[in-house]
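Quick look at what TrEMBL annotates:
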DOMAIN    4-70  domain 'HMA'
DOMAIN    157-222  domain 'HMA'
DOMAIN    247-312  domain 'HMA'
TRANSMEM  431-458  transmembrane segment
TRANSMEM  478-495  transmembrane segment
TRANSMEM  529-551  transmembrane segment
TRANSMEM  563-582  transmembrane segment
TRANSMEM  746-769  transmembrane segment
TRANSMEM  789-817  transmembrane segment
TRANSMEM  1142-1164  transmembrane segment
TRANSMEM  1170-1194  transmembrane segment
């Protein structure tokens, strides 16, 4: 039976009831569809149906049910299109060439392209024909619960939007309120600089509701993604033919604490039929299994949860694909391909027939529509198996259908940064067009209104001509000319501000608005409203003055009236648009550091592919031309390979590429050459020195090969590389606001109402003073309109000069530049603005010992003492027991003991446990053994004491000496039947200190920061290490468990000593912002996660565990503590710049507003004309953004560089 996939766009698909109606309508057809997938967000219905059920029948049923059908949706290509200005003769040659090569075209004798009949895509004709030819295996997917894509259980979604038109914090507040007022919407986060927003929604339909609410507020809004937030419970599904395995499933498992937990989970999973290849990671809190079918997922989750643990499906993928040498599974990929060069209706059919020859290797998701479809996109899924079958084979199959070949490219949606960049460019383009129009209008306005009406002598003939009254009354020719020039400035150049302000007011007062009535009067508008009011008042006041002039009698000297503000309207529009354009341009530059990271990816790479027999015959071995792709010997794959230059989008996991000197790897991978090279990783980690990479070492996209050519095996594709993860973390951090930004929200929230009240009050006060006679007549310099017109100029100036944008941009621009700089120096800011603010106010820095102050990666056993006199067991048995015990622990010291035991000759590691192995964090491990029969423990001194055992005098002496040398001590105690625990072995483990530890500690102390160390090791060893690096013994907390580390951090926050303020601050009587100590915790391991979370600032060393990294505010990508100095210094610089921006923006308004209101007018009639007020306003926000951009000149502190 041939199966067809049809996708239909429905304009009025709005809610879940629409989905149910569609489902009921289509299920009533005969034959019924096999499956339905309805998306409210994209407003599409995808139907999988037999060929007997035509697409026309489906559309007719939907149309009869009352749905508005639109043409089949097209997959958008975001790639740069070619210029549409293609020469006609070139295009006609291509078509003639195509007609010569196309058999069907020759048979039909098609003379020209214009006479080609249209290809109509019908489910019963063309689509059916090539789907039938594919003969792909289809599953009998039932149309039951969930078949329409809607979850029957409780399902929430995370929606991401791009938002255009936001200019200040007030806009952010408006967008946030508009989205938050919608029932079912929560956790709304809006990024002013990133032009984006995100929210959690209870139903997909709410995404469109958010778009409508934001657009009603006067902003542009577009849905970027809407992804479900999966519940812990996996829905029960009946296995179908499509779901038959095997599948490799990965689960996140919570609640595991020791090796006994691992054993328990493994035993319950082994009881499930169809589950095999069980792998449980205690450290990673995960489990991986191979399932016979997907229906077993729920069984696995239930079994683990019944055992008392938490389980959640993380991923599931086919396990049938060939695995590489590391056992990795190449998962299925779904891609969209754009095909250029189709000139007749047979091209799509020929392409589909060619793809059908690939058999079940591919599945067509969306076929080609027709040859004249402007998109020409085909969507398909496949499972790569390099080098035998890859996306390159699919593209080659399509391209070689005809001669000349079709041009095939992968369609990639833009990233969030690319969308923001597009929106910035669009905003700048709109502003630029209006700015150009304003400048064009301003030139004649300046000549007429300034030069001839103000600067030239009164006897000038041209001036007299302009001042002569015409048409009506005493209205001069200049007034009419300025009116004509000001009108397009008012209704086109300044329309950007009018439209936004009208929508802001409409949203506030529309029917159904949930904003309280009082709040509508005290919190409304944005800078758009202030600008619009200023320009509008000036324009319509000028209309009134012009009308008054037309009813006056012409003057005796034939000089018409000139008292209008039309020139002010033009200049206001020009200066405001110029300021807004500069502001938009500057804001776009603040994200350059993050954008630069994304630009590190190369576009092409050198791929090793098998050579054809013809190439093998034509080539000479050991004679290589990489650029031309001639045959060469590959030391990795052997003979018979050649090099081909390909686009990086065409790579697959498992591909091997060549990275020449000076090039960057196209994706993350491992070196498979016999010899390594030097790689410059400064773009990712900030490390200026090249790093030696040998065979088997990992290399990353964005780094540069500074040595000889190497071959790299691709392990991660786009979206999963380290570079992508860095950009993702930085992007997430930028959405987290600093507490100081709440201060800006308060100010900008009330700014517009206050300015409106101030402007009205200014006009009323000056008008009252003038009418009451309190002001001398010399003040009145308005020839027409009297005191009302004279006072109005002050009110207009107040409206125009006020600018909340500077206050709203003070923090986000500086924080955005700061996060980009941090990424440049190898520091990821997960905590966003709040992390910067806390790090700038640090008082104490707390270090973990193992893995932080020490290298922690490869500790070694340096000394041992094994006592066989107190036990019947010999030395080999004791080491075997020690090895078995430490095998249950992930601690670095446990690894050192295991390595030592394995390195000893004549030691048989045969000890077997009788039951579960018990591990107690921060203490040790305990187990019962069958062979030899005994109970045994291994751990620190406290663990031994808790089991009522003790050390001999000789052992005590050894321990004291080892601990004084900074070595960690591990003891083994064994209890044979009817005996007590006796210490039979002690190990001294040395963990080498980091070279930079001491210098970093002293540098922090020099900046007035307190340094502490928290360790689970014994006090003597901990103090010895602290003394070596320069931490006072009184600042050492040792022998604590992981949860106790968090308690000690909280204790330091309460009782710790605060850093002394600089003397100048003390002189001014300034006090610290925080009453308690601000504490930073630096760690790397799982046991540090509670302390990292408890600290004000958590800093995870890059070599640490995923749990530690996920709990941290900052991540040091490079395992180098010197980055900590850069972090603290950069945080202070960024936060100080935020405070400077706030002070500057507030003082700017505080000084400009009284001047605009006329407080200095009595001193020589000095006033701020509305035109110059608009220029001052524009400079306000621009100066704040430029101030933030100055951070880009930041350099690392000398202590860090040294």
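Here, residue 1 is simply the first one shown, and the rest follow in order.
Each Cβ is built from the backbone N, Cα and C atoms, and glycine gets one as well.
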Contact yes or no, the transmembrane segment (478-495) and the transmembrane segment (563-582), 3+ Cβ pairs under 8 Å, gap 6+: yes
Winner by Cβ pairs under 8 Å against the transmembrane segment (431-458), considering only 563-582, 746-769, 1142-1164, 1170-1194: 563-582
Might you confirm whether the transmembrane segment (1142-1164) is in contact with the transmembrane segment (746-769), defined here as three or more C-beta pairs under 8 A between residues 6 or more apart in sequence? yes
Residues of the parent chain within Cβ reach of the transmembrane segment (1142-1164), under 8 Å, 6 or more residues beyond its termini: 740, 743-744, 747, 755, 758, 762, 766, 779, 794, 797-798, 800-803, 806-807, 809-811, 1173, 1176-1177, 1180, 1183-1184, 1187
For the domain 'HMA' (157-222), the mean pLDDT of the predicted model: 82
Secondary structure content of the domain 'HMA' (157-222), with strand meaning DSSP E or B: 24 helix, 24 strand, 18 coil
